[in-house]
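Q: This is the structure, below, for whatever I ask next.
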Amino acid sequence: MMDRNGESYVGLFETESRRGKVIVYRLFSVTLFAGILSIWAYRFSNLFIIHGGAGGQQQEHDGGGANKSYWVLWVVLFGAELWFGFYWILTQALRWNPVFRHPFNNRLSLRYGHSLPTVDVFVCTADPEIEPPMMVMNTVLSVMAYDYPSEKLSVYLSDDAASEITFYALLEASSFAKHWLPFCKRFNVEPRSPSAYFNSLSSFSTSSNDSVWTKELAHIKKMYQDMERRIEDATKSGKVPRDVRSKHKAFSQWDSFSSRRDHDTMLQILFHSKDAENSKDVEGSVMPTLVYLAREKRPQYPHHFKAGAMNSLIRVSSTISNGKIIMNVDCDMYSNNSESVRDALCFFMDEEKGHEIAYVQFPQYFLGITKNDLYGSDLRVISELEFHGADGCGGPLYIGSGCFHRREVLCGKKFSDQRKVVDWNSEDDGLFMEEEASLQKLEQESKALASCTYEHNTTWGTELGLVYGCAVEDVITGLSIQSKGWKSVYCNPKRKAFLGVAPNTLGQTLVQHKRWSEGQLQIAVSKYSPALYGYGKLSLGLQMACSTYNLWAPNCLATLCFSLLPSLCLLKGIPLFPKMSSPWFVPFAYVIVAETTYSLFEFLICGGTLKGWWNEQRMWLYKRTSSYFFAFMDTTLKLLGFSSDSGFIVTSKVAEEEVSQRYKEEVMEFGASSPMFTLLATLAMLNLFCFLGALMEALISEGGFVRVLEKMMLQIILCGVLVLINVPIYQGLFFRKDKGRLPTSVATKSTIFALSACVIFKALHLT
């Protein structure tokens, strides 16, 4: 490759496309599609036979006689199969052309060692009760300690709860950082979250051959434990120590505090070059800029949740540091790789392709996931395969955390292919940057930019910053950026860039996916729908890839159909699938076996286990029949003008000791009653009753079990699999005695609902 001067050019990253594997998969998917078409053909051709068509002749078929009720069941099942086939086609966009990016940050250092751009890091927190301040501080410390020039790094903590406890914790963390950052650099520490680093050591021992490291480790760990104790004491008491409060004038900002939804802007610059003496570590090196922000909130003004916090940070940071690159991370996602900034810059600063790239998305991985990932929290296939496929279509989604952005793109700049040369060290393009200002004046002027009235009659939330109007504002923002001509890339290095806290109860997991799927569906029915908004702006493949996630929620209808109808019809002896002796049995068997086998293979090559795959299938069912169902209903009601609960929900990051222990033992946690649990338990009990009832009928029938098996093999298998996959629910209903079992009220309601459905359906005269 030649550069613009005609000289040999070596890129800062390479893109790998595994053509051999892709071709094999494409051939396989063609055969699977042929099977799906055959299933559709079977359903469609029998519609007329069942309804008494085909020239008025009554024809015998696998389903039995011609009757209207049976025809309705057939149509509903056909609709579900059409949906599953259509959705499968959409998912192929994520598998037909995956690409894998490999940054070379050693080349970056050699080429731009002394001219790297400034980087602003945004850490967002919303509730100190759900997101403990100590956890937040570990994330802040991990990003402050990036392997990057400190004078070019700025870290902002957005506290949407305006908690003085969180600010106190940041004060403590800033003092500790003056010791922690030199320790990390001296001993090349990984990871650079203190808690994660200390936990990663097999044992704290002084038997190491490096006596200097051992001594320093003991000292820094003692400092960390003291800081942790002080922060946790303040958190438990809900009060900042009196001596600390009187010492720091910044706490006076809370004197006028009314509530977390009614307060002035609170902003404090803890480290900055304008305060040089205070902003050095114990070795005399410059510390990264460190800023605390709690934007103004008033009950009469919408605050737009995380998107509003991010937009305030974008404006405020423009006056203080104006980093060319902005990285945002959730407060529970600590940096696990100190090289991540340099990895991201390899894409932005590449001379040939860098000018096209708006953002670099890293995957979200989680700490403490059980060996077999009980709740499917790791999103393994999405992270290891599907996002690589989206990258091959034009770029991954922006998922709200672990993402590096060009500031100019977030500030509304449109893509131009003519602009290939970027001056990464210019300082003349800030929205609000001033030449000179004292630190105190800088704080006061920055506060105005976080006012709740600042965005009134502006394009913030539409053209500037993150886009408002959806629970998953990050995804809409990414689509808006890509529709302006920009590209994004997905970087998934061997050492994971970020690690977070995953839900460790079923309830938390289902609520989290309800919010995600509801937000995705809101996109699908909004003006930002990839099918409409992206038409002519995004590639067809990227439109399909995005729609795969946008249509999570509607999957509930087809899944509920297959969870109910085949089992109920099995109980009544009504076949819905071809006999084993019929040629039409072959496409059904092939699609089921091939798709299941590929799903298992895909999961295993992504690093999963056999039991982990089985857990993934269970969560696939639970999410589709509960989270997605309630998300679909809430969105539908909202579209019809009815009120619905679609507000922002922060997933709890705090776990009780007993809950954590059961999670480690991979025992499913239910606990409190929930409409989702009632629905799941009812479906589980219904399938159990149908399966047992069908077995009893088969054993006492004249033809015997073999005849029933030959006639209704697929329904028996489907119902049997649903029973097996629901074993944890049966255990939670009837056999467990711990606090994590399902409540008695859920057991009673689900049993009554399921029995009633079976009795009513059994009594129906389907003619």
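Counting begins at 1 with the first residue displayed.
Placement of Cβ uses the backbone N, Cα and C atoms for every residue, glycine included.
Reproduced below are the annotations present in TrEMBL:
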type: TRANSMEM; residues: 23-42; note: transmembrane segment
type: TRANSMEM; residues: 71-90; note: transmembrane segment
type: BINDING; residues: Glu131, Asp160; note: UDP-alpha-D-glucose binding site
type: ACT_SITE; residues: Asp160; note: active site
type: BINDING; residues: Lys306, Asp330; note: Mn(2+) binding site
type: ACT_SITE; residues: Asp474; note: active site
type: TRANSMEM; residues: 549-568; note: transmembrane segment
type: TRANSMEM; residues: 588-614; note: transmembrane segment
type: TRANSMEM; residues: 677-700; note: transmembrane segment
type: TRANSMEM; residues: 712-734; note: transmembrane segment
Q: Looking only at the recorded stretches 71-90, 588-614, 677-700, which one has the largest tally of CB-CB distances under 8 Å to the transmembrane segment (23-42)?
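A: Of the candidates 71-90, 588-614, 677-700, 588-614 scores highest.
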Q: Could you pull out which residues elsewhere in the chain have a CB under 8 Å from any CB of the transmembrane segment (71-90), counting only those six or more residues past its ends?
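A: Here the qualifying positions are 32-33, 36, 39-40, 43-44, 46-47, 50-51, 63, 544-545, 547-548, 551, 554-555, 557-558, 561-562, 565-566, 569, 574, 576, 766.
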Q: Which of these binding-site residues is closest to Asp474 (active site) if you go by CA atoms: Glu131, Asp160, Lys306, Asp330?
A: Lys306
Q: Against which stretches of its own chain does the transmembrane segment (712-734) lie, if we need a Cβ under 8 Å and a gap of at least six residues from its ends?
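A: Sequence-distant neighbours of the transmembrane segment (712-734): 562-563, 566-567, 569-570, 573, 575-580, 585, 588-589, 592, 614, 617-618, 621, 668, 670, 680-681, 683-685, 687-688, 690-691, 694, 740-742, 746-747, 750.
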Q: Using Cβ atoms and a strict cutoff of less than 8 Å, what residues sit near the transmembrane segment (677-700) while being 6 or more residues removed from its termini?
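A: Answer is 506-507, 560, 563-564, 567-568, 570-571, 573, 622, 625-626, 629, 670, 708-709, 712, 716, 719-720, 722-723, 726, 729-730, 733, 742, 746-747, 749-751, 753-755, 757-758.
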Q: To the nearest whole angstrom, state the Cα distance for the pair Glu131 (UDP-alpha-D-glucose binding site) and Asp330 (Mn(2+) binding site).
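A: About 10 Å separates the two Cα atoms.
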Q: Rounded to an integer, what is the Cα-Cα distance in Å between Lys306 (Mn(2+) binding site) and Asp160 (UDP-alpha-D-glucose binding site)?
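A: Counting only the Cα atoms, the answer is 8 Å.
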Q: Give the distance between the Cα atoms of Asp330 (Mn(2+) binding site) and Asp160 (UDP-alpha-D-glucose binding site), rounded to the nearest whole Å.
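A: Approximately 12 Å lies between the Cα of Asp330 (Mn(2+) binding site) and that of Asp160 (UDP-alpha-D-glucose binding site).
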